[in-house]
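Database features, via TrEMBL:
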type: DOMAIN; residues: 30-208; note: domain 'CAAX prenyl protease 1 N-terminal'
type: DOMAIN; residues: 212-419; note: domain 'Peptidase M48'
type: TRANSMEM; residues: 6-26; note: transmembrane segment
type: TRANSMEM; residues: 74-91; note: transmembrane segment
type: TRANSMEM; residues: 103-124; note: transmembrane segment
type: TRANSMEM; residues: 145-173; note: transmembrane segment
type: TRANSMEM; residues: 179-201; note: transmembrane segment
type: TRANSMEM; residues: 295-314; note: transmembrane segment
type: TRANSMEM; residues: 334-351; note: transmembrane segment
Amino acid sequence: MDNGSLFFTYVFCALLVLTLVVRTVLASRQTRYVARHRDAVPAAFAATIGLDAHQKAAAYTLARLRFGLLESSWETVLLLGWTLLGGLHLLNQTLLTWLGPGLLQQLALLGAFGLIGTVLNLPFSAWNTFRLEARFGFNRITPALWWADLVKGLLVGALIGLPMAALVLWLMGAAGPRWWLWAWAVWMGFNLVLMVIYPTLIAPLFNRFQPLDDEAIKTRVSALMQRCGFAAQGLFVMDGSRRSAHANAYFTGFGAAKRVVFFDTLLQQLSPPEIDAVLAHELGHYRRRHIAQRMVLMAAVSLIGFALLGWLSQQAWFYTGLGVQPALDAPNDALALLLFLLFVPLPAYFLSPLMAQLSRRHEFEADAYAATQTNGQDLASALLKLYKDNASTLTPDPVYARFYYSHPPAHERIGRLQGASA
Ligand SMILES: [Zn+2]
């Protein structure tokens, strides 16, 4: 191995170790903090949350942390297996022998990588659903539906992903040194199309969506949307309870194709004023242009990503440093894509606190918006119910929360809401 490759191998290993150390330190901080606060409900919540619910949340949080550490250790093993231990190289060589060089071989490499990765993660996915979630009473999915979801997911992924991958691979080979700019444009267009077809064509493959038929809620919600100057194509109820007891509400689509989707579990748990408040929070994300900001940010980040990929794919050390010999007489574009997807999460992990912080700021802004359009107290009580029903901890470690939390911790969020309405 030449010096450049060796150096890159060291960088890769250093990042890998550093990520694992930071993950473990943060998880053990969170574990200690939650365990230490297990036996007393924080004063601010003592009137609304019982000790039983608080202890269930602690147990659930600790179980999720243990599972998360196990999962990230397994991911590290897989990452080493694909790269330095030669897994990706072996797969590539095998497919070259079978199929010869060309677009078909490259697509087969991407497809086989995705399929093998899915199979190797199956035990974790199954354990998560049928052991962990089930133990805390959250799982509702049957094994038959779980398998059906898996097969459907793979088919839809292949149907949408393979043509997209073929287009990008073709651009990499045929569009000259600035191929990454074209590929980025294609990628952005693809995402826009996905935003349009996801709610109407893809999501219905997995869930049933029915127009909201509760007249009382419909009237309230329509009045709220009118007040907020928001036109949506429809209000839908999704049968989230087929899979899980966790509750949610969201918007999909954009422009005139926007729709509001309530999980049936949410409608069961919240009172009509609370549903209003949760919806007002979601509307707040639109009114404060968070969705647009996020799209612009995603466009910028992916442009940087494609430019980086364009450069890395030309460097021999990028391949050899990660345990792969690039072929001299065949295109290496699919290899470059996969190595990039394997490597980039490592440095990106250290940027995640920035994204989390931005997201938390948006949550505060959406809460503030909701408090002006509806009653802040209703949002506070809705959030408390959701915290309780989802067994989310009310006592996260402050450092852990800063690093990972996309939503502000309960006491900050509810404190602000109550301050705003007092
Ligand atoms: Zn939000």
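Positions of Cβ are set from backbone N, Cα and C atoms, glycine also.
Nobody curates TrEMBL annotations by hand; they come from automatic prediction.
Keep in mind the model is a prediction, meaning the values are calculated, not measured.
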#### Entry: Same-chain residue ranges lying at least 6 outside the transmembrane segment (295-314) that approach it to Cβ under 8 Å
172, 177-181, 183-184, 187-188, 191, 332-333, 336-337, 339-340, 344, 358
### Query
For the transmembrane segment (74-91), what are the same-chain contacts with Cβ under 8 Å, counting residues 6+ beyond its ends?
9, 12-13, 16, 20, 109, 112-113, 116-117, 120, 124, 322-325, 335, 338-339, 342
### Query
Over the domain 'Peptidase M48' (212-419), what is the model's average pLDDT?
91
### Task
Determine which residues of the chain contact the transmembrane segment (6-26) at the Cβ level, with the cut-off under 8 Å and only residues 6 or more beyond its ends counted.
69, 72-73, 76, 79-80, 83-84, 317-318, 321-322, 343, 346-347, 349-350, 397, 399-400, 403-404
